[in-house]
Amino acid sequence: MSTLFIADLHLSVQEPAITAGFLHFIQREAIHADALYILGDLFESWIGDDDPEPLYRQVAAALKSLQQQGVPCYFIHGNRDFLLGKRFAEESGMVLLPEENVVELYGRKILILHGDTLCTDDTDYQHFRKKVHNPLIQKLFLWIPLRLRLRIAAYMRNKSQQNNSGKSERIMDVNSKAVIDAFLRHDVSWMIHGHTHRPAIHSVELPMVTAHRVVLGAWHVEGSMVKVTADNVELITFPF
């Protein structure tokens, strides 16, 4: 018995090898799991559930097949696909979770999240995040014609890449205090997240206990998953 976690696949039509790797992962690994959790940035971008891109239908069909075979799939939004909504969730069979969620697995309480909210030193990003998560702004954006949304999304991606190229590695990583606060706020000793693309298992000293923060890797040249069983929590890389 095991539960699997993945994040930061950044699926797009420009990277067919990653999509193929994800579909193989569904057929080879996820099908045998108790559940699959996707912790954000499944897609490189998401401009609305009404986007007819065939890639999205392909991914939805694979996830729906997984659900129909008895493996539930849960999703937490990332900074790239935060507009993914109920329509796609229903099409794919995924259950949408809040941005911070505690799951109990095999005797462990684990906090799961995308991870961008932990990067509090990146104040420019946090200000931007607050704006784009405003329900009114999201509603207005989704009201814009699809073709214009595509152009806006492309512009924002380019701008983000330019901004990040000038930021220090420290600023774009998690803030230690934010991590400790999250552990204490949810009263857990395990955390799994993505976003930073820095796969590792970190020990975090809390009052009376040593906690563990597990960071998923991005799917660039290989896959990354966390496998939780009754006996262990493993961070695993694998070829596509």
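The backbone N, Cα and C atoms fix where each Cβ goes, glycine too.
His114 is the only one of His114, His127, His133 that Swiss-Prot places in the Mn(2+) 2 site (with Asp41, Asn79, His195).
Matching His186, His193, His197 to the Mn(2+) 1 binding residues that Swiss-Prot gives (Asp8, His10, Asp41) identifies His197.
Note on proximity: of the binding-site residues Asp122, Ser160, Asn164, His195, the one nearest His10 (Mn(2+) 1 binding site) is His195, by Cα distance.
The shortest Cα-Cα distance between His197 (Mn(2+) 1 binding site) and any of the binding-site residues His114, Asp122, Ser160 is the one to His114. When the Cα of Asp8 (Mn(2+) 1 binding site) is compared against those of the binding-site residues Asn79, Arg80, His114, Asp122, His195, the shortest separation belongs to His195. The binding-site residues considered are Asp8, Asp41, Asp122; of these, Asp122 has the fewest other C-beta atoms within 10 angstroms of its C-beta. Within the same chain, residues at least six positions away from Arg80 (substrate binding site) with a Cβ under 8 Å of its Cβ are His10, Gly40, Asp41, Phe43, Glu44, Ser45, Trp46.
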